[in-house]
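Contents: one structure, followed by commentary.
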């Protein structure tokens, strides 16, 4: 995982400060100074189930059909699509392995035949279409992650041969709460348009509504995540830390501008590709900011080590400052290569925080519940010990610690915002590196680099969650989601569907969601 080299570029900084677009100085970056490579850790799986994604209406792929009229071709394609998802022929939506039977590798078969049959995702082909060439030497599909509410696989998109991630959202329609949560996440994934936030590239064709139980979302495939990188033995340069932190805050500024709280920012939810581009993922716990302070918000959020003090103290109302606290913990973890506040229980978590920050004022605890305040006031009065942050590593410079101390503030109303954190001088080099050789918003020409006019864009309008107010039954939400997915089908792209014959797919559908121990722990009940 390497970062390209870059020299401080006065024109870019001028562009940033003045907010105008500028072409960079005219030297070409032919000789990048590569930073130490951070290869993604390999996943050890006992079996690599054979390869899994099929493209939809072949009419869309081959508009020119010599032997049939376009109308007939469209009809044939529609028939093929219907057959693929025809409830009459498939009693269950997908055949699942027999109970208790581990899905084994596919039986040996000629490679080409096996590859084509094994692809998990396929297009809706009809007899006149031909398989894309790249189906012959495809990587096997394999599980790459288990989120709070779903399983993620790495698969090949048969339309272009690109590797993508396929996320299965299972058991969507168990109850109304689950339906609403999944619909919210799905709408968010389709709403996001930002390079540091994971978004939906596609949603697989749903079957007939009577057989509609799971949702499959296609996203970009990322090779690693910040957790794997932090625990790996590879050195992390200060350039890596700056460019990672810059991208986390850039994505968070966008999310917060949309009025969204992520509520589970942790290293494992920050995906990183081989070019060090970072994307925030897993919106299973995200929600729109609650501006009415009298409305209670759930406390079952944020993995304990990254949980802000106001949540630990039972506050019934919190803001997007909880995400900034999590980022501060991650910043310290990037510097020190270990978890900053690694406690065994939520109460100990709070005690470790006050060991560093000192005993909070009553004003800083104003939103806490009485039991939590009593716990703090019963204990000894602690002085802050913030200078200890300089011992995290040699990279914990004055600027780094200054920014870190603006994030790790007990009182959420005094914690720095993502927007203000991005203006901190510590991040100037990260911004420069990102926009000089990593981003998609700036581009290079023969005369140099042309920078975007807005380095850290926000979204307008905000994400609208009013759709949730009128959802009253599982069947109603199911119909709305089914319709929503059909409407999302991207223009003239061939729709994708699951190939239920694929061995990998059989393994995929039997794979389970995170065990309860991996879920964010339940909130502390203060006496």
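Cβ atoms here come from the backbone N, Cα and C positions, even for glycine.
Look at Swiss-Prot and you will find 1-304 (among others) tagged as region 'Required for interaction with TAB2'.
Marked as region 'Sufficient for interaction with DAPK3' by Swiss-Prot on the basis of similarity to another entry: 1-125 (among others).
The region 'Disordered' annotation in Swiss-Prot covers 22-72 (among others).
According to Swiss-Prot, the feature compositional bias 'Basic residues' maps to 26-54 (among others).
Summarising the annotation, Swiss-Prot assigns region 'Disordered' to 90-139 (among others).
Annotation comment: Swiss-Prot describes 103-119 as compositional bias 'Low complexity'.
According to Swiss-Prot, the feature compositional bias 'Basic residues' maps to 122-131 (among others).
What Swiss-Prot records for 124-416 (among others) is region 'Sufficient for interaction with DAPK3', and it gives similarity to another entry as the kind of evidence.
Per Swiss-Prot, the feature domain 'Protein kinase' maps to 138-427.
Here Swiss-Prot flags 144, 145, 146, 147, 148, 149, 150, 151, 152, 167 as ATP binding site. Other C-beta atoms found within 10 angstroms of the C-beta of residue 152 (ATP binding site) number 23, with every protein chain shown included. DSSP assigns residue 152 (ATP binding site) to a strand.
The active site, proton acceptor annotation in Swiss-Prot covers 264. Annotation note: residue 264 (active site, proton acceptor) sits in a coil segment as assigned by DSSP.
Under DSSP, residue 298 (phosphothreonine) is assigned to coil, being neither helix nor strand in the three-state scheme. Within 10 Å of the C-beta of residue 298 (phosphothreonine) there are 11 other C-beta atoms, taking all protein chains into account. For 298, the entry in Swiss-Prot reads phosphothreonine, with the evidence type experimental evidence.
The annotation region 'Required for interaction with TAB2' is assigned in Swiss-Prot to 434-527 (among others).
The phosphoserine annotation in Swiss-Prot covers 522 and is backed by similarity to another entry.
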Length of the line joining the Cα atoms of residue 152 (ATP binding site) and residue 298 (phosphothreonine), in Å: 26
Taken over the region 'Required for interaction with TAB2' (434-527), the model's mean pLDDT: 81
Alpha-carbon spacing, residue 298 (phosphothreonine) to residue 264 (active site, proton acceptor), which is rounded to whole Å: 13
Around the Cβ of residue 264 (active site, proton acceptor), the count of other Cβ atoms that are within 10 Å: 25
